[in-house]
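**Student:** Below you will find the structure I want to go over with you.
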Amino acid sequence: MSVAALGVIVVGVFFLALYLLHRYGDFGKQQPMVLFGTLLAWYLCFLIVFILPLDVSTTIYNQCKIYNALPPVPGSHSKTDQVCHEPWSYIPDGVLPVFWRVVYWTSQCLTWLLIPFMQSYARSGAFSRVGKIKTALIENGIYYGTYLLIFISLLIYVAAHPQWYLTWREFQTIGITAANTWGLFLLVLLLGYGLVEIPRSYWLASCHGYLLAKTYFKAAKMATEKAEAEENLADAMERIERGAEGSVGSENQPVVITAVQRQRQSQVQWSILLEQAVHLEDVAKSQGGPLRQVVHSFPSAQHATPLRRFIYTPTIEWYWECVFRRFFYRLAFLVLGALSLAVVWSECTFFSSQPVLSLFAVLIQMAEKQYNYICIEMACFVSIFFLCVCVYSTVFQIRVFNYYYLVPHHQTDAYSLQFSGMLFCRLTPPLCLNFLGLIHMDSAISHKDRIQTSYTSIMGSMRLLSVISDGFYIYYPMLILLLCFATYFKLGSRCLNLLGIQQYIREDDLTSDLVDEGMELLRRERRKRQRAEEGENRKSV
């Protein structure tokens, strides 16, 4: 059964990563190397998240066997052996250490070496493969040289102190700790945002008025971006025409490709935004109507399958949109809000082993006393999955101008896909290590005398660097509390507004102006569609 469970997870996670890549990437137009690198990065990171609960349950079972094998302490009462039931998902000894070693080091090679090279290769304007490789090597020379310089400096420092005898394993641990420290620094920032924004988004999404106003706001911003993208494309095409007989030089090719991608992205996003706005307006009109049905303004524009039309009828759609949706989203807000509070409390108290204050550690220890492996694995999976959603959703939503932006419906460019894979590979290992600390399965933090999970054993003992294990890894996560307050009061959005990057803030006057502008744009688009449909109807008569 354990082999079957592991196999199902490995295959299922692969299709999950493949589905997400299909949603954001374009299999028909993007380079196979870009798609393969992104798929591998996402797949390895998702594997860590889904396999870690099995590692926890297997470790608890092995701890039980070791306890039974210990001789009784002289002078104490006779030791009562515990009944150690093998977990349904038990993984034999020796499998997980090899698995973690392969997954971790492959992901680290991707994020620190291969993906930066592939990013430069994909952006290169050279026409030949050799030229692209040469450009990528030159661009990454400083990047790789920095690593080499740090490593050589460390070797010289160790050689100058003969009393510091470091083995190869300890060198590995220092490198892993450095990578995890970098990842934890970014992880806390993203997690502090997601812990507040995800529950709040469900609460706000329960209100159709809010959704409609924000859609108008997005439409106004998207109209400006669409106009800028079309203007940039026109400038790029004009630059081509000025070239010798219309040929594209290698220095102009990346500019042209980027302009075409941005124009196509903005056009697709504009069309999707129009569909969302029209649907929300139709729902708003149907709420107070005599018929308990959602009446669509443009039925011909609905692309639902026959099965979906049969199940999701206009009446069922009305009850969902006007009755149940509000209740469901507010219930989701309560559940997600409770999980966020549990995470914030546990992040601020997980270093306390006596008494145990981390809520996740309390839950796992209660299940461990009963050796309820199903409960242990489900609790671990739900907890780590929620942490990943908070972090990963932020990665999918953030936008760094036009350099990094994940756009669904096959519109994400190669650079953003690879950058997301690089971020995932750097964030997932420290996230999982932080989770093991929350449930007191990492002895470097909990200071408990128990066997380590296979994942922790691959990470190495952080006690080699006491400043990191006893300082940064314990106290830095407490910063989540401040970041949650900053996110709750929208300090980041207000700062971006001051910098001229408009964010949706309901009490802001400029936001109200953009909402009104978006409403007018939607009215124009409605009139265009109505005239187009009337013309088609006249032709068909």
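Cβ coordinates come from backbone N, Cα and C, glycine included.
From TrEMBL, for reference:
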COILED    219-246  coiled coil
TRANSMEM  6-22  transmembrane segment
TRANSMEM  34-52  transmembrane segment
TRANSMEM  102-122  transmembrane segment
TRANSMEM  142-160  transmembrane segment
TRANSMEM  172-196  transmembrane segment
TRANSMEM  327-345  transmembrane segment
TRANSMEM  374-395  transmembrane segment
TRANSMEM  474-491  transmembrane segment
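Context for these features, please: burial, neighbours, distances.
**Tutor:** Taking the coiled coil (219-246) as a whole, pLDDT averages 81 in the prediction.
Below 8 angstroms of C-beta separation, residues 35, 38-39, 42-43, 46-47, 50-51, 54, 89, 91, 95, 410, 417 of the same chain, each at least six residues beyond the ends of the transmembrane segment (6-22), sit close to that stretch.
Panel annotation: around the transmembrane segment (34-52), residues 6, 9-10, 12-14, 16-18, 20-21, 25, 27, 96, 99, 103-104, 106-107, 110-111, 114-115, 118, 122, 380-381, 384-385, 388, 414, 417-418, 420-422, 424-425, 427-429, 432, 435-436, 453, 455 of the same chain, lying at least six beyond its termini, place a Cβ under 8 Å from a Cβ of the stretch.
Counting only same-chain residues 6+ beyond the ends of the transmembrane segment (102-122), those with a CB under 8 A from a CB of the stretch are 31, 33-34, 37, 40-41, 44-45, 47-48, 132-133, 135-137, 139-140, 143-144, 147, 179, 414-415, 418-419, 421-422, 425-426, 428-429, 458.
Within the chain carrying the transmembrane segment (474-491), a Cβ under 8 angstroms from the stretch's Cβ atoms is held by residues 184-185, 188-189, 191-193, 195-197, 200, 340, 343-344, 347-348, 350-351, 434, 445, 503, 505, all 6 or more beyond its ends.
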